[in-house]
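K.L.:
The structure under discussion is supplied below as structure tokens; questions concerning it will follow.
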Amino acid sequence: MLSYRHAFHAGNYADVLKHAVIAFVLDYLKQKDKPFYVHDTHAGAGRYLLSDAKAQKTGEFKDGIAKVLAAADAPAALAPYLEVVRAMNKGELLHYPGSPFLTRELLRDHDRLFLTELHPADMALLEQLFARDRQVRVEKADAYETLVAKMPPKEKRGLVVIDPPYELKEDYQAVVHAISDAHRRFATGTYVLWYPVVERARVEAMMAAFKATGIKKQLRIEQGLLPDTDQHGMTSAGLLVINPPWTLKAAMDETLPWLDKVLAKGAGQYRCEWLVEE
């Protein structure tokens, strides 16, 4: 349960999509002066060194963020995300933001970030990263129980990021229950759930469960570099976004083909469709 370390996968194609959407949502929330709250359930280490042995062992960032930064004419929807990545790397690509660092860079003075993490090594790194930051709170706590307990935030505006490792098959059901419970308390929040496509049938069962919740405005965004397979390994990754910004679907309809061209040479697969409309 506690063995997953995101450092092996930081900056891969799945991170590119996930972090681009998170940054897009935050940029949208900032269009109003009112403060907002961000809750990240599986925070990880916060940020990553790409020269580290873990990142170098897999080299996944080379087929993800490295290709995106090297490409020309990136869609406007990627701008908030890429600005943070470029600001971390004045020359060579050495650093990559996890969701917590990315979010913190995009907060204003009156916004808040709440993080939970259970892995002791990542928890120590998170506490060190945000030790003197009054806008960020870090807790070693159960992701799902804490999420529900913290809803609704006092700001009544915000983003919830749910990014489990899915090491346990139960996670596919747990996220449905946790988001349903949180949504009952905070129905106007935006929820971004990341998921891997390792077994397509398991993902489709999760989508059917989300559809059955009765929650409206569920947008499904997915990108894969390879066709689905029965063999071991992730072939695609996706996001289920509840209460997305009204501009997100059009932005992804433009962005996904560009990412497919850059990351998969046009040979991948992608989708952006409503699982449940209003």
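Using N, Cα and C of the backbone, Cβ positions are placed for all residues, glycine too.
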K.L.:
Which of these, Asp52, Asp63, Asp73, Asp163, does TrEMBL list as part of the S-adenosyl-L-methionine site with His19, His42, Ser99, Glu117, Asp142, Ala143?
P.N.:
Asp163
K.L.:
What is the Cβ neighbour count of Ser99 (S-adenosyl-L-methionine binding site) at a 10 Å cut-off, with all protein chains included?
P.N.:
27
K.L.:
Give me the Cα-Cα distance between Ser99 (S-adenosyl-L-methionine binding site) and Asp163 (active site, proton acceptor), rounded to a whole Å.
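P.N.:
With distance taken Cα to Cα, Asp163 (active site, proton acceptor) is 9 Å from Ser99 (S-adenosyl-L-methionine binding site).
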K.L.:
Per the record, S-adenosyl-L-methionine is bound by His19, His42, Ser99, Glu117, Asp142, Ala143, Asp163: how many Å separate the farthest pair of Cα atoms?
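P.N.:
The two farthest binding residues have Cα atoms 23 Å apart.
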